[in-house]
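For reference, the structure is listed below as structure tokens.
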Amino acid sequence: MYAGAAAAATAGPPRRDFISVSLGPEEAVGAGGYNNSKAWRRRSCWRKWKQLSRLQRSVILFLFAFLAVCGVISYTSMGEAWKSLTNKSLDDQRTKQEIPGVKLANPAVLPAPQKADANRGDYPELSLQKQPNPPHVRRGPSNLQIKAPWRDTRLKTRHSTIRAVEELVQTDKGEKTEKSIISWRGAVIEPDQNTEPPSSKIKEPDKPSSVEAEDQKEPVPINERQLAVIEAFRHAWRGYKDFAWGHDELKPLSKSYSEWFGLGLTLIDALDTMWILGLKEEFEEARKWVANELVFDKNVDVNLFESTIRILGGLLSTYHLSGDSLFLEKAKDIGNRLMPAFKTPSKIPYSDVNIGRGTAHPPRWTSDSTVAEVTSIQLEFRELSRLTGDEKFQKAVDEVMKHVHTLSGKNDGLVPMFINTNSGQFTHLGVYTLGARADSYYEYLLKQWIQGGKKENELLEDYMRAIEGVKKHLLQRSAPRKLTFVGELAHGHFSAKMDHLVCFLPGTLALGAHNGLDANHMKLAEALIETCYQMYAQVETGLSPEIVHFNLHAQKGHKDVEIKPADRHNLLRPETVESLFYMYRFTGDKKYQDWGWEILQNFNKYTRVPTGGYTSINNVQNPSNPEPRDKMESFFLGETLKYMFLLFSDDIDLINLDKFIFNTEAHPLPIWVPA
């Protein structure tokens, strides 16, 4: 121990400033020293504090006071920031639940169908509305690039059995919400980060435009008949999804599928139909398949015409309706792969293309192509050039039309059915029809003229001359009801045979009259659509056969329509419904809707398969056994049901015919606005 310090402590007054004591355990206890008690520790601390100088104690007290003040200030600031962050988090969470990632200008537009019970009568109404055009945009046909409500806005949806309603919820400063229906038409929605804008090469006419403010109107509700079409589509789609997903066509009876090109024809054909019907979930499922599974780099021969109107047309149409660049990229891919078909001596394309190898060839049995095939791909390739800025697509198809324009072998504007890819000349001369192998040549003359802004006079001249040729050589009237029909001419001999395919003509004539052509075309359209309806009404099942023959002379016990055993099948074709749509849109006569409703009911009665899908039938004359063929053509979803839905709509802006032109597979493409 430190003896000097102990002696000083006993000898005189203690020096409190400097004391150091060290005791052994025994001595400390015996002397009443350190015992580790709380009281002793408090006294020891106090001694230490008192040993500090006044300056030291003041500095320590100041530091403690400063730290306390800083703590109070920090607590207040952090508390407010935390509260603000918490509120922001909650607001963000609400926003994500309602309209994540969406910047909306002028929300509330078209009808995404409402969800309801499977019972058709329980469907809620859907409303449609038009978006205003800016004042600087010329009135007339516009080119719309419209964003998908469910892709670009990812709206919150409610689920029920029919899954058809979609609501857009807009929050007003977190206090008040308003609900409105949204759809593709008129929505001005900025794309999310994953959606690329159209190519920078796009020409001026492709810039999206909106609808003028003064054109806004009250929403048009979805009606019972349209809801029945939605139900029919869902039933057909269910069969395709369950038994043929990703394949070309459904075989509903055997619950399997058939392949033609192996490119998911039914799915691609139905994309824009789902969009127009507002079937969000089905569209999203199909889009994922297109994004992840649709590959064109495969060793397969495809038909140039069929792949153009169904695949290229379907992708372009869906791009325009949804604004989703995925579909444009796929369209460019298939468009480029089809171009080898035009590498022929005459520039008249081959019928078949291997899209994997980049080769093309005519059919094995001939070097001919059909006139309809080579002259009914123009709308699609022209539009692809306009979107991409690559002129090769339009140049190839325009050369075909210019060449056909100059050919001999026509009969007052009527063309033969075949053309040789080597010589570029018509073959099988003397046979003229508006049915198979020639039909859409006439349709595309008018539609190209309209698509291009009514500037290409050669197209109009050929169309007008052809209609005069039809009147002169192919029009006759049946007995006993005096139905006007379009027959065929073979080497000067008239045949009273009319394909169901010819029923495109009333709609085409009406479209021409609507665009300023001869008013007598509308009168002829009215007469022909009556005939097409009778091709259904005079048959036992209420469904038209593929081909009919008309009686030219009244015979007791005979109707106007005669059907041969080889022709009595029905393939679920759209042509009559297509023309009914045009006729109702341009005249407003409700009878056209009633006729279409009869046809839909008969499709449901004789072609609907309970497990999903619809089937072609072999015998329209036998209601007790129509002999189902076990095949649902892709155009039933791509055309027939789409035209049904549009026919039953009273909204002229649901695919406005002054803004869109339908290709021959019912895929709407924009009419070009004059530059």
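Placement of Cβ uses the backbone N, Cα and C atoms for every residue, glycine included.
Feature annotations, reproduced from TrEMBL:
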type	residues	note
ACT_SITE	Glu306	active site, proton donor
ACT_SITE	Asp439	active site
ACT_SITE	Glu546	active site, proton donor
ACT_SITE	Glu575	active site
BINDING	Thr664	Ca(2+) binding site
DISULFID	Cys503-Cys532	disulfide bond
REGION	108-149	region 'Disordered'
REGION	183-219	region 'Disordered'
TRANSMEM	58-78	transmembrane segment
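Tertiary proximity for the transmembrane segment (58-78) is limited to same-chain residues at least six positions away from its ends with a CB under 8 Å from its CB atoms, namely 52. Closest by Cα distance to Cys503 (disulfide bond), from the active-site residues Glu306, Asp439, Glu575, is Glu575. Put simply, the residue listed as 'Ca(2+) binding site' is 10 Å from Asp439 (active site) when counted between their Cα atoms. Looking only at the recorded positions Cys532, Glu546, Glu575, Thr664, the one with its C-alpha closest to Glu306 (active site, proton donor) is Thr664.
Of the recorded residues, Glu575 (active site) and Cys532 (disulfide bond) place their C-alpha atoms 9 Å from one another. For Thr664 (Ca(2+) binding site), the same-chain residues 6+ apart in sequence whose C-beta sits under 8 angstroms from its C-beta are Ile309, Ser376, Ser440, Glu443, Tyr444, Phe504. It is 12 Å from the Cα atom of Cys532 (disulfide bond) to that of Glu546 (active site, proton donor). The active-site residues under consideration are Asp439, Glu546, Glu575. Their Cβ neighbour counts within 10 Å are lowest for Glu546.
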